[in-house]
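> This is the structure I want to talk about, given as structure tokens.
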Amino acid sequence: MIRSVLFPLMVAVGLLAAADARAHAVLVESSPPAEAEVVGSKVEFRLRYNSRIDAKRSRLSLKGAGGAKTLAPLQGASEAELIARVEGLGPGRYTLFWDVLSVDGHVSRGQVPFITITP
Amino acid sequence: MLTTLPPDILAFFAVILRGLQLTAQSVILGGVLFLFGFTRPLAPKLGGRVLAMERTGLTWTARGGLALALVAGLSIFANLSQLVAGLKIEPGDAMGADFVQWNLIMATAAMALAVTARMQANPAQVPSMALLAAVVLGASVMSSHAFARVDEREYYILADALHQAGASLWIGGIPFMLLALTHVKESRDRLLVGMRFSHLFTGAVGLLLLGAAMLAWGYISTPGALIGTAYGIMTGAKIILLSVLLLLAAMNRKSTRSEAADKGQFRLRRFAEVEIGIGVTVLMIAASMASQPPAADQTQHQATIMEIVERMAPVRAPRLVSPPSETLSIGIEKTAASETADRMWSEFNHNWAGIFVLAMGLGAMAHRMGVGPARHWPLLFLVIGTAIIIRSDPESWPIGPHGFFETLADPEVFQHRVVGLLLFPFGLFEWAVRTGRLKSERAALIFPILCAVGAGLLLVHNHTLTDVKERFLIEFSHIPMGLFGVMAGWLRWLEIRGDGRARRVAGLLWPVCFSMVGVLLMFYRELP
């Protein structure tokens, strides 16, 4: 009985245990913060998460009026921090998209919109 | 091929695989507990029967090892696919990710354990299996939240190791206790088996609770986070199911003390079957929680008790009239009006489903009381199944512009389709049982199994919404429904498989639990 009924049950529960992986790594703090105004054409990004991030296997991309560009993130002061920089941005609205891999294997996504203004 | 797979469906399979991994891991650890804690120390008392028990136990453990190696291999594949498809990382580079490396270690250890279990008996066999099981457990802990913590990582790793070890040894040990009971005939031996496992499980539960308390202290930390986050309420659901398991375990303990309390340990065996089912449900909830941020980290978007009470209170009648499908946000930019229509659409679906579920619960009660025509109540499942397929995803076939297969990659649509289709055989089987067309016990068990599985799905089901708090409030209502559904399924199981007072009580209670799911659905709300 156990083998014929309960084992298929275990498998069935597993197959139905459907849950989309959601934002696992939470962005705790960002610089610039969301919706901030940044003066000048150079922006230094600093993103701090609630868990350790695999910087080498995480991606940042910036989209704005001038198109999209991929940024290479580096590990910041701690393993939970990513840093990156970009130069030559014209004034306007931009969005930094982050796709990060936490070290327990979950991919999380999010974005930080901001505005650059001329000095 | 990897790059063509949509990231969402890959993430969705990753969660399923984690649940299966925890289940296979439990079988392995339960098998090692059986050998180390039962057959070896009790061999002098059990005599020649130990050989047959060990042979079957080793076969089960080997299968658990093979299953785990397969699941870990699939997890590696799913994770690599996610990194390659989602993050555009080169496959070779993706192989270096911590999660992939730990899963490789887990798969290798599980395969080695399976091979060791199938070897000729030798003095190193069982110690080697124990060592390999410890490696599996370690690799599992190192691919959990604990390993990703920034601060006090050692504390979380220790807590998670205790928690996983306790849960695996307990839930995985129960099938082996049933195995041992099938090999002994005399009353004295049955009591010996029951007593021994009772002691072993008490230790495992101790580890589980100690680990759980340590994790809750760090991951949840405040009462607000326990009530106001998805991670917190899933923990609450686990606590409730664990309480049921402990109640059953306490009753089983009585069965192990005296033959008079439970002749032939019949009740103990039936309760043990239910414990396995509920235990696996708890493991699946744990797998779902692994994909969510710990409650303590989700300081924003926590719902308050007042917001939950306001949403759950049945302040208005069920929505019996649907908004027209043209008013929904399908193929147009979302507006406040179209989003309201979307929610009204969903409320209509849930509320009507509730009316049918309540009708089935009442039908089951009436049938039990001798009302003959009420035996056809399972046919109402066909109505609900049809409604789910037609209405649950209005953007897809048959009423929306997208084809049947086109939207299957969306995890929510996939779940709805699977559940909708499952309800057909589900209803027809139970109807055939109720009307005497099917007479075997196995056929009768289809209903409780699928009821428990479906309800387990509710406990781990996530709505994909951008508003975190709104998504949480919807999920909050699913938790009590899931708990009532799981209990309805397992109580019905006990009614079919049990005897005496347990059977009578279970027979009275399961339609009540089933009806409660209906009542909760009838008053389900998405609009404030």
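Glycine too: its Cβ is placed from the backbone N, Cα and C atoms.
Annotations for this protein, taken from TrEMBL, read as follows:
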- B:12-39: transmembrane segment (TRANSMEM)
- B:60-80: transmembrane segment (TRANSMEM)
- B:100-117: transmembrane segment (TRANSMEM)
- B:129-147: transmembrane segment (TRANSMEM)
- B:167-185: transmembrane segment (TRANSMEM)
- B:194-288: domain 'Copper resistance protein D' (DOMAIN)
- B:197-220: transmembrane segment (TRANSMEM)
- B:226-250: transmembrane segment (TRANSMEM)
- B:271-290: transmembrane segment (TRANSMEM)
- B:352-370: transmembrane segment (TRANSMEM)
- B:443-460: transmembrane segment (TRANSMEM)
- B:472-493: transmembrane segment (TRANSMEM)
- B:505-524: transmembrane segment (TRANSMEM)
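In terms of burial and nearby residues, how do these features look in this structure?
Residues of the same chain lying 6 or more positions beyond the ends of the transmembrane segment (B:12-39) and with a Cβ under 8 Å from any Cβ of it are 46, 50, 53-54, 57-58, 60-61, 63-65, 67-68, 71-72, 74-75, 78-79, 82, 106, 110, 113, 117, 126, 129-130, 133, 136-137, 140, 164-165, 167-169, 171-176, 179-180, 193, 196-197, 200, 204, 279-280, 283-284, 286-288, 290-291, 411, 414, 460.
Sequence-remote contacts of a segment are chain residues at least 6 beyond its ends whose Cβ falls under 8 Å from one of its Cβ atoms, and for the transmembrane segment (B:100-117) they are 21, 24, 28, 31, 58-59, 61-66, 68-69, 72-73, 75-76, 79-80, 94, 125, 128-129, 132-133, 135-136, 139-140, 142-143, 147.
Within its own chain, the transmembrane segment (B:129-147) has Cβ neighbours under 8 Å at 21-22, 25, 28-29, 31-32, 35-36, 61, 68, 98-99, 102-103, 105-106, 109-110, 112-113, 116-117, 153, 156-157, 159-161, 164-165, 168, 219, 290, 294, counting only residues six or more beyond its boundaries.
With a threshold of 8 Å between CB atoms, the same-chain residues lying at least 6 positions outside the transmembrane segment (B:167-185) that come near it are 22, 25-31, 33-34, 38-39, 46, 49, 52-53, 56-57, 60, 64, 137, 192-194, 197, 200-201, 203-205, 207-208, 265, 268-269, 272-273, 275-276, 279-280, 282-283, 286.
Within its own chain, the transmembrane segment (B:197-220) has Cβ neighbours under 8 Å at 33, 37-38, 145, 149, 152, 155-156, 158-167, 169-170, 173-174, 177, 180, 226, 231-232, 235, 246, 249, 252-253, 256, 294-296, counting only residues six or more beyond its boundaries.
When Cβ-Cβ distances below 8 Å are used as the criterion, the transmembrane segment (B:352-370) is approached by residues 318, 320, 376-378, 380-381, 383-384, 387-388, 434, 507, 510-512, 514-524 of the same chain, each at least six residues removed from its ends.
Non-local neighbours of the transmembrane segment (B:443-460) in the same chain are 15, 19, 234, 237, 277, 281, 284-285, 287-288, 378, 415, 419, 422, 425-426, 429-430, 432-433, 478-479, 481-486, 488-490, 492-493, 496-497, 514, 517; each lies 6+ residues outside the stretch with a CB under 8 Å from one of its CB atoms.
Within the same chain, residues 228-230, 233-234, 236-237, 240-241, 244, 273-274, 277-278, 281, 301, 303, 307-308, 311-312, 445, 447-459, 461-463, 465, 506-507, 509-511, 513-514, 516-517, 520-521, 524-526 sit at least 6 positions outside the transmembrane segment (B:472-493) and bring their C-beta atoms closer than 8 Å to a C-beta of that stretch.
Taking Cβ pairs closer than 8 Å, the transmembrane segment (B:505-524) reaches residues 314, 318, 347, 350-351, 353-362, 364-365, 368, 451, 455, 477, 480-481, 484-485, 487-489, 491-495, 498 in its own chain, all 6 or more past its ends.
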> DSSP-wise, what's the residue breakdown of the domain 'Copper resistance protein D' (B:194-288) into helix, strand and coil?
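Helix/strand/coil tally for the domain 'Copper resistance protein D' (B:194-288): 87 helix, 0 strand, 8 coil.
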> Over the domain 'Copper resistance protein D' (B:194-288), what is the model's average pLDDT?
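It averages 89.
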> List, by number or range, the same-chain residues at least 6 past the transmembrane segment (B:60-80) whose CB is under 8 A from its CB atoms?
2, 10, 13-14, 17-18, 20-21, 24-25, 27-28, 30-32, 34-35, 91, 94-95, 97, 99-100, 103-104, 106-108, 110-115, 117-118, 129, 136, 172, 175-176, 179
> With a Cβ cut-off under 8 Å, give me the same-chain residues at least six positions beyond the ends of the transmembrane segment (B:226-250) that come close to it.
201, 205, 216, 219-220, 271, 274-275, 278-279, 281-282, 285-286, 288-289, 292-295, 298, 302-305, 308, 459-460, 462, 471-472, 475-476, 479, 482-483, 486-487
